[in-house]
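Okay, so here's the structure we're looking at.
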Amino acid sequence: MLMETILNLPIENKIFYAVLVFSWTVYLWEAYLAYRQRRIYRLTMHVPQELGKIMDTDTFEKSRLYQLDKSNFSFWSGLYSETEGTLILLFGGIPFVWKVAGTVTARFGLGPEYEIFQSLSFLILATLFSAFTGLPWSIYNTFVIEEKHGFNQQTLGFFLKDAVKKFIVTQCILLPVTSLLLYIIKIGGDFFFIYAWLFTLAVSLVLVTIYADYIAPLFDKFTPLPEGELKEEIESMSKSISFPLTKVYVVEGSKRSSHSNAYFYGFFKNKRIVLFDTLLEDYSPLNKDGEPETDTLTEDKSKLKNKKQGCNNPEVLAVLGHELGHWKLGHTVKNIVISQMNSFLCFFLFAVLIGQKELFMAFGFYNSQPTLIGLMIIFQFIFSPYNEVLSFCLTVLSRRFEFQADSFARGMGRASELCSALIKLNKDNLGFPVADWLFSMWHYSHPPLLERLRALGSTKQD
């Protein structure tokens, strides 16, 4: 009876309920995986024997509690997000915001024929809604969880100022790019998907090129790495593998968080390396606060904040050897090629589906078919099964690339230093070294610590 009722539903209703069912299926799958991992956090109370030589009991317990807090937070924030999305769909939130956007543009004398302007108004309203509903969760994550475990370095004023700045910069990029994309789709004719793909390719390349020079400095301070042994060693290592390094920067990541990172960027013969100050043992401000506090009232947070953080120079070079391995082995180019092939396929399928009015009717658009809404429906909802499969495949590929980059660093004679660096970074970031196999397989873009150490041929700390 139920099956017969479903089969007799109009096609637009079938599409709508299929989207909802799949969305909740994915959520329940993710919740199940997270539950499995939380059981690991709760039940693994002691350092496993094979980890005894690389992790002390105190660090193990801190990482267990940190990851347990993060997992619990992720459960509630994920449940809220899924519920919010469902209610928006059930109560016609998307067509409602589109109608409000039309009212806004009408106040400026712009009618429905000015669809691009209405689309930009819709984007501003939607991103404002997302920013405000997400703000409490972000504040809790930063000032409760990250603060509790000693990672947060921000004040509330700095955080809010940063959030406003990010919103403004995002709008400055999003609005002109979207308006041009919609215009290209409107005038592109039968082959608009090719022009749209080429446009998004150009935009992505431009953003990658200018991000670290013009966008990132709006939020963080970048300074050239001072002359000295580390810079000379980095330049020598780059030259040895023909990496066209032009500059090395240190970014002041410590004003936000004590988490650490490193990356390179640029095209052709204009490569630049960026090191977080929290990665560098000799530069991290977190190492300049003096000796650890002995007052018992300071507890874990003060101890964590005053411990020696970061890697020494040989370990930093080993980490960079791993990163340069990604470049030398062509991982960056391969990822770009995969991304652009996927982008082209999605635009092609969008061109095939955009004329199906049932897709718009399924989400409450009975009298109009706005291009921006079509992009949202097709890319976000209709492609969601494909996106889940692609995401898993890319996660598997990423782990393979990480092993290969580790192997490259080992080939440079830096296996021991990389092992030591991985252990230190795991401790500094309170990474929990024990993972449920299914959770790890689905989520981890980097192999677990023990697997990387085994592949490098060492599980011993120097």
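Including glycine, each Cβ sits where the backbone N, Cα and C put it.
The annotation transmembrane segment is assigned in TrEMBL to 15-35 (among others).
For the domain 'CAAX prenyl protease 1 N-terminal' (37-221), the mean pLDDT of the prediction comes to 93. Look at TrEMBL and you will find 37-221 tagged as domain 'CAAX prenyl protease 1 N-terminal'.
Here TrEMBL flags 87-110 (among others) as transmembrane segment. Panel annotation: around the transmembrane segment (87-110), residues 16, 19-20, 117-119, 121-122, 125-126, 129, 363-365, 370, 373, 376 of the same chain, lying at least six beyond its termini, place a Cβ under 8 Å from a Cβ of the stretch.
Same-chain residues lying 6+ beyond the ends of the transmembrane segment (116-140) with a Cβ under 8 Å from its Cβ atoms: 73, 77, 80, 84, 97-98, 100-102, 104-105, 108, 110, 156, 159, 163, 167, 170-171, 174-175, 178-179, 182-183, 186, 370-372. Summarising the annotation, TrEMBL assigns transmembrane segment to 116-140 (among others).
Within its own chain, the transmembrane segment (167-185) has Cβ neighbours under 8 Å at 115-116, 119-120, 123-124, 127, 131, 192, 195-196, 199-200, 203, 207, 215, 218, 371-372, counting only residues six or more beyond its boundaries. Sequence annotations record features per position, and here TrEMBL assigns transmembrane segment to 167-185 (among others).
Listed by sequence, the residues of this chain that lie at least six past the ends of the transmembrane segment (191-212) yet keep a Cβ under 8 A from its Cβ atoms are 173, 177, 180-181, 184-185, 222, 249, 265-267, 272, 274, 339-340, 343-344, 347-348, 350-351. Among the features that TrEMBL reports, transmembrane segment is placed at 191-212 (among others).
Annotation comment: TrEMBL describes 224-458 as domain 'Peptidase M48'.
Look at TrEMBL and you will find HIS322, HIS326, GLU402 tagged as Zn(2+) binding site. Summarising the environment of HIS326 (Zn(2+) binding site), the number of other Cβ atoms within 10 Å of its Cβ, over all protein chains shown, is 20.
Under the heading active site, TrEMBL lists GLU323. Counting only same-chain residues at least 6 apart in sequence, those with a Cβ under 8 Å from the Cβ of GLU323 (active site) are ALA262, TYR263, PHE264, ILE273, ALA405.
According to TrEMBL, the transmembrane segment annotation covers 344-366 (among others). A Cβ distance under 8 Å defines the sequence-distant neighbours of the transmembrane segment (344-366), meaning residues of its chain 6+ beyond its ends; these are 11-13, 15-16, 19, 89, 92, 94-95, 98, 192-194, 196-197, 200, 373-375, 377-379, 381-383.
TrEMBL lists 372-397 (among others) with the feature transmembrane segment.
Annotated active site, proton donor per TrEMBL: ASP406, in sequence order.
Here the Cβ of GLU402 (Zn(2+) binding site) has 21 other Cβ atoms within 10 Å, regardless of which shown protein chain they belong to.
One way to see the shell of the Zn(2+) site is to take the Cβ centroid of HIS322, HIS326, GLU402; the remaining same-chain residues with a Cβ within 8 Å of it are GLU323, GLY325, HIS331, PHE401, GLN404, ALA405, ASP406, PHE408, ALA409. HIS322 (Zn(2+) binding site) and ASP406 (active site, proton donor) have their C-alpha atoms 5 Å apart, to the nearest angstrom.
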